[in-house]
Amino acid sequence: MNHKAGFVNIIGNPNVGKSTLMNAFVGEKLSIITSKAQTTRHRILGIVNGDDFQVVLSDTPGIIKPAYELQESMMGFVKSAFEDADVLIYMVEIGEQELKDETFFNKITSSQIPVLLLLNKIDKSNQEQLETQVQVWAEKVPNAEIFPISALEGFNVKEVFNRIIDLLPESPAFYPKDQLTDKPERFFINETIREKILLHYKKEIPYAVEIETEEFFEEEEIIRIRAVIMVERETQKGIIIGHKGSALKRVGVEARKDLEAFFGKQIHLETYVKVNKNWRSNQNQLKRFGYNN
Ligand SMILES: Nc1nc2c(ncn2[C@@H]2O[C@H](COP(=O)(O)OP(=O)(O)OP(=O)(O)O)[C@@H](O)[C@H]2O)c(=O)[nH]1
Ligand SMILES: [Mg+2]
């Protein structure tokens, strides 16, 4: 039996549904999802294994014009996703007009590898709008195959997956067949906590936060975790903690519930907040948090 395998890298503007699609393919919540832009900060692999195939998906940060070092590094992940793709997925959403970065856009339209343009969130549109949008994108990216999808509702997701399998080269697997991702457990803990911060805090706060899991002890019945929530300034620390600690408590309770579902085990989660001055612009700190690429 011939075995197929390859890298399928998902790129697009912020908030279009890239992470939702990857999770739908993998069937696990590997990437966090929120309605805020820049939810994803890393390149996260999601691996789908079958007897005769291995699809190595990459979820990437939404494309933006970087304003500080962290965002530069995020765009470095996007750049890397162009370099090793066997199939490129360019995701756009209904109503969207263009990719904000011309250099990246040109890379897509001049791509030598197959491009699948996924027009997402069609559950929010009608037939007429859909047809117009398909036409617009067919003109803008003539080298792409277009699939209207709803990553959220699973519409056309299976069809896209079958097309990916068609396009993959013959190759042995790149990763062990029981592996789902390239990221360690601690990464998912950090991300789960960061998702709650994105959900519950406004404006600049979530963007100034980084999480680090300092302790992870797995016992027979329970996993004990201690994580630090880092902010850039003293004023942000007070906001994260909230009145009598109520805001931080909510983050902890909600993250613990998700982590119990993720690990299938009881979790004890301790969180505290620390100022790590201007970490977003500090190369050493960024390297420590895995943003070097
Ligand atoms: N109606 C609808 N909403 C969707 C669909 N797919 C994703 N969403 C929503 O769009 C928002 C963004 O989804 P994400 O998957 O986090 O988007 P992303 O492209 O990964 O965003 P960044 O990581 O910030 O670049 C969330 O609120 C999702 O629930 C869809 O097919 N239909
Ligand atoms: Mg994302």
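Easy rule for this one: first residue shown is 1, then count along the chain.
Yeah, the Cβs are placed from backbone N, Cα and C, and that goes for glycine too.
Feature list (source: TrEMBL):
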- 12-19, 59-63, 120-123: GTP binding site (BINDING)
- 4-170: domain 'Era-type G' (DOMAIN)
- 201-277: domain 'KH type-2' (DOMAIN)
- 12-19: region 'G1' (REGION)
- 38-42: region 'G2' (REGION)
- 59-62: region 'G3' (REGION)
- 120-123: region 'G4' (REGION)
(message) Can you tell me whether DSSP puts N15 (GTP binding site) in helix, strand or coil?
(response) coil
(request) Give the subset of the binding-site residues N15, K18, I63, I122 lying near ligand 2, defined as CB under 6 A from any of its atoms. (result) K18
(request) Using all protein chains shown, find which of the binding-site residues I63, I122 scores highest when you count other CB atoms within 10 A of its CB. (result) I122
(message) Going by a 10 angstroms cut-off between Cβ atoms, which of the binding-site residues N15, T60 has the sparsest surroundings?
(response) N15
(request) State which of the following binding-site residues has the fewest other Cβ atoms within 10 Å around its Cβ: G12, K18. (result) G12
(request) Consider only the binding-site residues N15, K18, T60, I63: which of them have a Cβ under 6 Å from an atom of ligand 1? Write none if no residue does. (result) N15, K18
